[in-house]
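Reading through the C-alpha cells given below for one structure.
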Amino acid sequence: MSFPDITPELKAAMPELRGRLLSNEPLAPLTWFRVGGPAQVLFTPADEDDLGYFLPRLPAEIPVMCLGLGSNLIVRDGGLPGVAIRLSPRGFGEHRVEGEMVHAGAAALDKRVAETAAAAQLGGLEFYYGIPGSIGGALRMNAGANGRETKDVLIDATAYDRSGTRKLFDNAAMQFSYRHSGADPALIFTSARLRGTPATPDHIRAKMNEVQAHRELAQPIREKTGGSTFKNPPGQSAWRLIDAAGCRGLKIGGAQVSEMHCNFLINTGEATAADIETLGETVRARVKAQSGVELQWEIKRIGVAPGKG
C-alpha cells in the first residue's frame with residue numbers, strides 16, 4: 001500500500017527546512033517488531049529550531065505522530081497516514097550532567113542516560129538501564145522498571161506544540177499515572193531534565209547489574225518483540241493472568257506469546273502487524289473469560305489496516 005506523495009507541496013511551503021522529508025517510507029525497520037506499513041511522510045528534523053519551523057507550516061488537517069525508538073509500538077500493515085516524526089540522535093540525542101541533574105534529549109537512549117548518570121556518580125536512574133527505549137518515549141508513557149518510573153526522577157520536560165511553540169512542563173504538568181502521561185498527545189517532547197542522587201560507584205553498578213540480570217533471565221530480549229504488551233492490573237501481574245488463561249506459547253500466524261515471559265508477544269519471523277494485534281486481542285479475550293480481568297494494552301498501536309488509509 002502507498003499514500004499520495006505530498007512531499008513536493010510540503011517542501012515548497014518550507015524552503016528553509018533542513019531536515020529530511022521522505023515519502024512512503026517503510027516503518028517496519030524502525031520498530032522492534034519489524035512489522036507494519038509505510039509512513040505517508042517521514043520527517044527527521046535537524047534540530048529543535050528545524051522542528052519549530054516545520055510544525056506551524058504543516059497544514060492543520062495533516063496528522064502528526066512522533067515515533068520514538070519504536071520499541072513499544074505496533075504500526076498496522078496499512079501504514080500511517082500523515083507525518084511520522086523521528087527525532088535523530090544527532091539532533092536530539094545529547095545527554096550530559098549538570099550538577100545533580102542529567103539533561104537528556106528525547107532521542108537519547110534510556111540505557112545511555114543511566115550510564116551517563118553512573119559515570120558522574122549519580123544514582124536513582126539505574127532503572128533506565130533495563131528499558132529498551134528513548135527518553136521521549138519514557139516521558140510519553142511514564143516508563144519504569146524495578147519499582148521506579150519516570151515520574152520519580154523528572155524535573156521538567158521541553159516540548160513543541162503544533163503551532164511550533166516551545167513549552168516547558170514541570171513534573172505535575174505531565175499528569176503521570178501508571179505507564180501513562182496525561183500531557184497533550186499532540187505535543188512532541190524534545191528534552192528532559194532528570195534528578196539524580198549522589199551515590200557510590202559500587203552501589204550504582206550493583207543496581208545496574210541487578211536490572212540487567214533480571215532482563216536476561218526473565219525477558220525474551222533477543223527476539224523481535226515490543227516489550228511488555230499489557231499493563232499490570234492493580235495488585236496483579238499481567239503475565240500470571242495470561243499464563244492462567246492458557247496462553248503461554250499461543251500462536252497466530254507468525255506471532256507468538258513468549259514461552260519465557262507471557263506478557264511479551266514475539267514476531268517469530270514472518271508475522272504481520274495484524275497477526276500480533278490479533279494475538280494480543282485473543283489473549284485479552286481469554287484472560288477476561290478466565291479471570292474477569294480486562295487487560296489494557298501497554299504497547300501503542302498506530303496506523304490503519306490495509307485498504308483503509
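Each residue, glycine too, has its Cβ placed from N, Cα and C.
Here the structure is a predicted model, which means the values were calculated and not measured.
Per Swiss-Prot, the feature active site maps to Arg179 (among others); the stated evidence is sequence analysis. For Arg179 (active site), the same-chain residues lying six or more positions away in sequence with a CB closer than 8 A to its CB are Met141, Asn142, Ala143, Gly144, Lys231, Glu298.
Annotation note: Ser228 (active site, proton donor) sits in a strand segment as assigned by DSSP. The active site, proton donor annotation in Swiss-Prot covers Ser228 and rests on sequence analysis.
If you look up Swiss-Prot, you'll see Glu298 (among others) marked as active site. Under DSSP, Glu298 (active site) is assigned to coil, being neither helix nor strand in the three-state scheme. Cβ-based neighbour count (10 Å, all protein chains) for Glu298 (active site) stands at 19.
The feature domain 'FAD-binding PCMH-type' is assigned by Swiss-Prot to 34-199, with sequence analysis given as support.
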PLDDT averaged over the residues of the domain 'FAD-binding PCMH-type' (34-199): 97
Listed in sequence order, residues with CB under 8 A of Ser228 (active site, proton donor) and six or more positions away: Asn72, Ala238, Asn263, Phe264, Glu298, Ile299
